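Following: one structure in C-alpha cells, then a few remarks.
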Amino acid sequence: MSGAVCPGSFDPVTLGHVDIFERAAAQFDEVVVAVLVNPNKKGMFTLDERMEMIAESCAHLPNLRVESGQGLVVDFVRARGYSAIVKGLRSSTDFEYELQMAQMNKHVAGVDTFFIASAPSYSFVSSSLAKEVATLGGDVSALLPDAVNVRLQAKLRG
C-alpha cells in the first residue's frame, strides 16, 4: 500500500491546497495532510480549526486523513511507514526552495518528494495572500473552500 504526506501550516487551507490533495489522493492509496506546528509562528486559526477546515474541505476524499505534527517532516513520514512527501508548486520560486528541501529529506531519511504543479487558476493563491486581501475587505471566495471563507469572515468580524 502506498502512502504520502502533504505537509504544511494551512492557515487557512485554500482551493489550491485542496486541488493538490485531490491529485495526491488519486495517485496514492493513503494521503495524510500533516498540519504542522511552528512554535515561531502565530497563526490566525488554531491547530484544531485548521484541521477541521481541511477535514471539511476534503470530506469527499475517503483515502485522506488529517493529522497534526511537529518537528521534522521526514520523522512524521517515517513514523507512519511512508516514504513520500507531496508538495504543490506554484512557481519557480517555490521549486527552488522545495527542491533543496527534497534533496535534504532524501539525504537525511531516504524520503522522496513528489511535486505537483499548481493548476494555473491557483498559481497565485496562498493562505497569507488570502488573509491579507480578506483583511482589507476584498473578496476571497474564489480562493477558499466555502466553509473556510465563512470561518475567515467570522474571524475577521471578531
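In case you wondered, yes, glycine gets a Cβ from its N, Cα and C as well.
Taken from Swiss-Prot, the feature ATP binding site applies to Ser9, Phe10, His17, Gly88, Leu89, Arg90, Glu98, Tyr122, Ser123, Phe124, Val125, Ser126, Ser127, Ser128. In the three-state DSSP scheme, Glu98 (ATP binding site) is classed as helix.
Long-range Cβ proximity for Ser9 (ATP binding site), meaning a same-chain Cβ under 8 A and a gap of 6 or more residues, is found for Val35, Leu36, Asn38, Lys41, Gly43, Arg50, Ser127. Annotation source Swiss-Prot lists substrate binding site at Ser9, Lys41, Val73, Lys87.
If you draw a 10 Å sphere around the CB of His17 (ATP binding site), it holds 26 other CB atoms from the protein chains shown. If you look up Swiss-Prot, you'll see His17 marked as site 'Transition state stabilizer'.
Residue pair Leu89 (ATP binding site) / Val73 (substrate binding site) shows a Cα separation of 17 Å.
Spacing of Val73 (substrate binding site) relative to Glu98 (ATP binding site) is 13 Å (Cα to Cα, whole number). Per the record's binding annotation for substrate, residues Ser9, Lys41, Val73, Lys87 show a top Cα-Cα distance of 20 Å. Residue pair Val125 (ATP binding site) / Lys87 (substrate binding site) shows a Cα separation of 15 Å.
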